[in-house]
Amino acid sequence: MTDATPLLGRSLPELQDWVVAQGQPSYRAKQLYQWLYERSIHNLAEISVFPKAWRQSLQAVPVGRSQIVDRSVSPSGSIKYLLRLHDGEIIEAVGIPSGDRLTVCVSSQLGCAMACDFCATGKGGFRRHLAPHEIIDQVLTVQEDWQQRVSNIVFMGMGEPLLNLDAVLAAIRCLNQDIGIGQRGITVSTVGIPGHIRRLAETKRVGDRPLQFTLAVSLHAPNQAIRDRLIPSSRHYPITDLLQECRDYVQITGRRVTFEYILLAGLNDQPEQAEQLAQLLRGFQSHVNLIPCNPIDEVEYQRPSKARVDAFADALRQQRVAVTVRWSKGLGADAACGQLRANRSTATLPA
């Protein structure tokens with residue numbers, strides 16, 4: 001019996017069902033589980049503990065692993081990967097080192113429909129959702145290439161995670177419960193989709209465990225006019241409505257919300273705009289990540305000076321807003337926030 005659905009992403013009980021359906025004893029599922037998630041195999045024929053005849057019959061069963069077609073290293077040590085999927089499409093993932101930690105920035109969609117004005121991914125449009133195994137594979141690929149255990153995952157690559165929420169939650173379940181990455185080390189970023197933050201809050205659980213990962217909302221503006229310019233979809237989703245959903249999320253989950261704010265020189269980096277932002281977030285259980293703009297070819301936005309960034313952060317702190325400045329580490333490899341877009345025209349694809 002064959003099954004075209006990749007095995008990567010399945011839980012141990014699901015693998016037990018699959019193994020038994022193949023006419024094998026159920027204990028083989030534990031072996032398969034270990035080889036999938038601890039040894040990160042690409043083909044079932046690699047499982048030496050399986051009977052040879054069965055291994056040979058399993059060669060056509062898809063595990064769900066991608067192929068690295070290019071890797072670019074930034075001066076800071078971050079590595080951007082171009083990964084070829086089963087259908088020939090290319091996605092991007094980034095490995096980001098920090099001391100003894102390794103963070104993976106993963107994609108949740110092939111392309112993105114949000115078309116944010118400062119982001120490279122949206123310039124290429126939306127092609128399709130990624131399946132759970134295609135998300136999980138990005139983490140295993142980086143972990144395997146670095147020969148280092150992944151400690152953190154950020155859903156800040158290609159795509160809008162909440163528009164592919166079922167697959168994202170399925171991937172997080174596996175990454176947490178099967179691969180052993182703590183939920184508190186996982187961040188899911190969104191520009192804000194009407195009703196979807198509430199839907200996420202009401203989910204409450206990931207698999208059989210409480211929802212504990214971090215929600216990061218890409219706010220990027222202190223008022224509706226600037227947000228409409230930067231994020232076209234926000235024209236149908238007022239900031240007041242977005243923030244109310246975020247407040248509901250905090251109340252339902254007990255988890256604070258992180259707000260991402262990209263600083264663009266001369267547009268949203270003025271002291272008075274810091275005060276507007278502080279007013280928006282007053283009384284909110286939240287944290288603000290300030291991200292100085294990362295340049296991309298198609299837009300004219302510039303990164304503010306360090307003095308301007310520091311002044312903006314100080315203005316927020318004076319208003320009792322918790323804030324962190326995030327200087328991107330992937331600039332030299334076009335792997336920083338806002339720069340991810342799989343470039344199939346320049347990637348060297350092996351025959």
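Heads up, residue numbers simply count up from 1 along the chain you see.
Positions of Cβ are set from backbone N, Cα and C atoms, glycine also.
Per Swiss-Prot, the features are:
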type: ACT_SITE; residues: GLU92; note: active site, proton acceptor
type: ACT_SITE; residues: CYS337; note: active site, S-methylcysteine intermediate
type: BINDING; residues: CYS112, CYS116, CYS119; note: [4Fe-4S] cluster binding site
type: BINDING; residues: GLY159, GLU160, SER189, SER218, LEU219, HIS220, ASN294; note: S-adenosyl-L-methionine binding site
type: DISULFID; residues: CYS105-CYS337; note: disulfide bond
type: DOMAIN; residues: 98-334; note: domain 'Radical SAM core'
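Structural mapping of features recorded in Swiss-Prot.
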residue	record	DSSP (3 states)
CYS105	disulfide bond	strand
CYS112	[4Fe-4S] cluster binding site	coil
CYS119	[4Fe-4S] cluster binding site	coil
GLY159	S-adenosyl-L-methionine binding site	coil
SER189	S-adenosyl-L-methionine binding site	strand
SER218	S-adenosyl-L-methionine binding site	strand
ASN294	S-adenosyl-L-methionine binding site	coil
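Cβ packing within 10 Å was compared across the recorded positions CYS105, CYS112, CYS116, CYS119, LEU219, and the lowest neighbour count falls to CYS116. The Cα of SER189 (S-adenosyl-L-methionine binding site) lies closest to that of CYS105, out of the recorded positions GLU92, CYS105, CYS112, CYS116, CYS119. Checked against CYS112 ([4Fe-4S] cluster binding site), the recorded positions GLU92, CYS105, HIS220 differ in C-alpha distance, with GLU92 being the nearest. As a whole number, the greatest separation of Cα atoms within the S-adenosyl-L-methionine-binding residue list GLY159, GLU160, SER189, SER218, LEU219, HIS220, ASN294 is 19 Å. Ranking the recorded positions GLU92, CYS105, GLU160, ASN294 by Cα distance from CYS116 ([4Fe-4S] cluster binding site) puts GLU160 first.
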